[in-house]
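Below is one structure, written out as structure tokens; the observations come after it.
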There are 2 protein chains.
Amino acid sequence: SVNPDLASERQTASFSVEKLTALLDGGTEQTRIRRAVVEVIESDPVFSRENQYFQTQNERYEAAVRKAVHLQKKMHEMGWTENGPEFKYIYRALSGDVAFLLHRVFMRSISVLGSDKQISKWIPLATQHKLIGSYAQTELGHGTYLQGLETTAVFDTATQEFILNTPKISAMKWWPGDMGRSATHTVVFAQLYIHGKCYGIHPFIVQIRSLQDHSLCPGITAGDIGPKMNFEHIDNGYLLLKNVRIPRENMLSKFCEVQPDGTYVRQGSQKINYFTMTTVRISLISDEVLTPLMKACTIAIRYSVVRRQSKLKPGEQEAKILDYQTQQEKLLPQLAAAYAFHFINDYLQELFNRGYTEIQRKNFDMLPELHALSSGFKAVITQHCTAGVEICLRACGGHGYSLLSGLPSLYTKILASCIYEGENTILLLQTARFLIKCFMAASAGQPVPPSVTYLAAVKHGRCPAKNKLDFLSPDIYTEAYQHVAVRLTSSTAAKLQDLIQSGVKKHDAWNQCTVQLVQAAKAHCHYIAVKNFAETVEKLETKAGIQKIMKHLCDLFALHGIFSNTGAFLHDGYTSAAQMDMVTASYLDLLAVIRKDAVPLVDAFDFTDKSLNSALGSYDGQVYQRLYEWAQKSPTNQMSPAYERYLKPLLHNTLSKL
Amino acid sequence: SVNPDLASERQTASFSVEKLTALLDGGTEQTRIRRAVVEVIESDPVFSRENQYFQTQNERYEAAVRKAVHLQKKMHEMGWTENGPEFKYIYRALSGDVAFLLHRVFMRSISVLGSDKQISKWIPLATQHKLIGSYAQTELGHGTYLQGLETTAVFDTATQEFILNTPKISAMKWWPGDMGRSATHTVVFAQLYIHGKCYGIHPFIVQIRSLQDHSLCPGITAGDIGPKMNFEHIDNGYLLLKNVRIPRENMLSKFCEVQPDGTYVRQGSQKINYFTMTTVRISLISDEVLTPLMKACTIAIRYSVVRRQSKLKPGEQEAKILDYQTQQEKLLPQLAAAYAFHFINDYLQELFNRGYTEIQRKNFDMLPELHALSSGFKAVITQHCTAGVEICLRACGGHGYSLLSGLPSLYTKILASCIYEGENTILLLQTARFLIKCFMAASAGQPVPPSVTYLAAVKHGRCPAKNKLDFLSPDIYTEAYQHVAVRLTSSTAAKLQDLIQSGVKKHDAWNQCTVQLVQAAKAHCHYIAVKNFAETVEKLETKAGIQKIMKHLCDLFALHGIFSNTGAFLHDGYTSAAQMDMVTASYLDLLAVIRKDAVPLVDAFDFTDKSLNSALGSYDGQVYQRLYEWAQKSPTNQMSPAYERYLKPLLHNTLSKL
């Protein structure tokens, strides 16, 4: 039975939840396939996540391996393939709680970086799980700066082998997933040396464990790097190599080859490789970043209509906490952001598909723009969504702090997305570099890529809004965002030039502008996200109330961004103080409007109770019952030896010497 | 041997680290006592925290009980008493990783709320540990709003007993520390009923477990609430009461008594009780909030001069990451905030001591101000420091994400401080209510408490700064902060009045202003923190470079606040855009200045390696070595059954049906 406080929220939905779900999925057929996959996965007890909040890191690892192995059987049984329409829903239905994810990266890197001969040798072995692969790039002392990697691969002409070494402790491979305990093979990135000359970083296939008994191969030291904030199920590992010899054929050689006599031959373009990196950044947004935020919103919003605390009106019963303006102001902007980023993700996917087509035609023109967008949006979305999940957690008070709410693990996991696949600050500076370059080009009248043409059109006007309703016009706020993005880019470009002209060396000048460059990059992405949301809403079907509610969310997303960052809009007087008060008024009005549809808006994400794995967020809203029942199963309710050992002697005054 | 990259940072300190440590401790004698306590605690293996990142919740609980019991012996041995000068350093030296903290709250509540007779009965029992106490206030469905508690205590005249019940699942006591597994007694807060009439919330001493064998008493259901984001060592518990009878004498009756015939007598003032709550909020700031931020700064800053990544200048070696402006902008403001809040904590402690003296003279005039300041600063400091710890964690990249860095556990623990002892938003609204009231009084020419007299002096001037150096003048920035605090309070008061005058009901009008009221309360606290820091610096001794470096930190704290919140200062034109550019320039200049002393500034916090418990933050900076050695000890490097069960059958192709 559904908690009546939650049930009543669903009766007044202004739109069709089912239609919105289909919109998010990309069509009713996609919804159907997704639900079918979820049904199969969730009805299989091997895939259950019910006990995960009680498990140790060792237990989580073992469960993840069990699930990965079971998944192979399941896919075979169901006729699912890696290229089938179900595949993208499988990982999501498992909430990522499965081993051998790096095995897939191992395979992809061979496919992309290997010669045809290497592909035909290794891919079948990997596909049939005759080996378990990993991907060893990051070192203890080196992450962001690939050229700095210290692992070496020296070519020995005599034996036709490479000799691999991690010469210092900082050169040790550190972090690779699946490597601490599972992998038998890995792709090692190392500095290639031939006849004493360094040719830079290259990838090598190295066997690290015996296929017979899993013992470490000669020269290999490897293990698990220990406890982390999350990812307990993954055996992130370390790897030391001491004079490990591998045959010449194990250097992945699609782009570079070492011939038997030591001649180094570079062939083909490595640009596609560069493109792979950007694709990974985009591909993680959906499952690793948006899904957690959507889950957090679902949990926090459902809880906020069930939880009653204090009185809004004297004499009445305690109020649902979502009726407090401060609670709305915490949660509803996160909900709007989840939708905004869902749509920008669609936009980026589409752009990347076009980019990929062009690249296959050997046209690499789109690459710089794609790199800038993928870097910037990876950083902005992971940062925004991580903060959003934390806000949801805190907004649930003490119960949010219990692991059983599901929120702590969502937070500790999404947090990592700010760091992996490119640290966010580094990525934003990549975007900024592109912006500065394009701004200079545009100023000089040269053509620039589509997403930055707006930089050329520097307008010195003022915001034309006359009352608070004007700020519900996408043209008004989109232009304000554009203005800020142009101002921040142009002013930082000016500062950079001033510094250089005043004699500061180029790299120092750049460093002295980086705080502001990061701001410019964020403003650029924020502008594009707002613009894209507004354009998406414009194109939506008007029936079933979908367009209307999406328009509200778009307005909220845009106005929340202005309200939270008023200085950027006030700075040069583009927006006046009086206009900022209008923004505030419209923004606060919108909270009350969207609050009415808050539950239907999270219901549309269509998470099952099992996928939320939360005592606060279940569809029926029976929060207290669930917390109580679940807590009773905790291992902390088993008998503790602490009583006999310490408490009893203390209470009975039999502790020696006391 | 100290890592040379870290050692070199210490050679150029502009001030005496030892003198600064003494300033932070409150004198050289305090430093001596503190170090003596730390030495004793850290040389005792029972108090070791070395394995804590590897332990399960059950193991953590058992260790905390062991430490608590051992501490009793240790104190006896050392001649330390709860009233001695060492006591405040003991908890800090243990990093709070010890059981029976609620036993102290149990004792304090009896001392404050109990009659003399009750005190003389229970306090000796508690002191001698003939019972273990807890404190049961919060319920599953009720936290913030005490009047809403549902547990009942019905007086039975016939037997001279109270009958206690938790009538619904939402009435179950939930969260009390030490109650899940350890406590034998607890103070239960319940609605008192006499002859069918409710007299509101009162405290009752209830025995929950047998003193003989620790079994649950009749009518009691209790246990542990399960896993949380941190506090694994504490057995936060639940408690159900079913017709539990306790003698009339067990109601704590300093202020209210039920006589044998059921007559309810209220005696004395409960205002002191209200004062206790505010004292707790202040007392937690130092150990639970400032210490974690100081530790996080120590870890992140030491790591940032040891970690080298990418090149700042072409051709040179990779740069220390603290030399990047973006890294400075992440860490140095947190360092400045740690100092700012240390000094505001001194200010609050001093104010509360004065308040306490007044209250003992039955003068309660200072109470509203003390309540407003304690609420506001509890919220502002916990929020700011929590965000600061998270920034430190992220600033260490992947290694910050390892539990071995110490940063994740600092974060997950400090986060709770935003929730317990008053949820932050609720507290800020309490402060705001005080501000609005005082603003109205001041506007009407009535006297107001000292900390808010500034609200009366609304000035409509403009910031007089003419160049970036002017913003290093405390008068200039303090006045800017004051201006913003007045503006936000006055404009929200005006909005509130407008709404009420336009016919909106008072409580609705209040709710519609709460987002802005929270802003006003924060601005008020921020202003006082800046003013207090500036005044403190003014009074410092000028020798040994202490005043100079503290002045830099004060400037940074102030300018960072403006830089991060430019809209508030630009809004009404008090600060112009040109002046804001000066703020930015001065702020960024300061980063480079303070960066030079960053390591000495964290060294002055004087944390031992054991208290940091971090592979990244140790005094010698041997980061990589320590990570590697520590990781090897992880239980995840023991043999896993996953190989024989799953990996071997997979690799050997002997999985059935595959």
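Yeah, the Cβs are placed from backbone N, Cα and C, and that goes for glycine too.
The shown structure was predicted, so the numbers you read here are calculated from the model rather than taken from an experiment.
Among the features that TrEMBL reports, domain 'Acyl-coenzyme A oxidase N-terminal' is placed at A:16-132. Residues or ranges marked as FAD binding site by TrEMBL: A:Thr138, A:Gly177. Summarising the annotation, TrEMBL assigns domain 'Acyl-CoA oxidase C-alpha1' to A:274-436. Taken from TrEMBL, the feature active site, proton acceptor applies to A:Glu421. Residues or ranges marked as domain 'Acyl-CoA oxidase C-terminal' in TrEMBL: A:474-651.
Overlay of TrEMBL annotations on the structure.
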{"residue": "A:Thr138", "record": "FAD binding site", "Cβ contacts under 8 Å, 6 or more apart": "A:Lys173, A:Trp174, A:Trp175, A:Pro176"}
{"residue": "A:Gly177", "record": "FAD binding site", "Cβ contacts under 8 Å, 6 or more apart": "A:Leu101, A:Leu102, A:Ser134, A:Tyr135, A:Phe231, A:Ile234, A:Asp235, A:Asn236, A:Gly237"}
{"residue": "A:Glu421", "record": "active site, proton acceptor", "Cβ contacts under 8 Å, 6 or more apart": "A:Val280, A:Arg281, A:Leu284, A:Lys378"}
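According to its DSSP assignment, the residue listed as 'active site, proton acceptor' is coil. Candidate recorded positions A:Thr138, A:Gly177, A:Glu421 yield A:Thr138 as lying near chain B, with Cβ-Cβ distance under 8 angstroms.
For the domain 'Acyl-CoA oxidase C-terminal' (A:474-651), the mean pLDDT of the prediction comes to 97. Counting residues per DSSP class in helix, strand and coil order gives 84 helix, 0 strand, 33 coil for the domain 'Acyl-coenzyme A oxidase N-terminal' (A:16-132).
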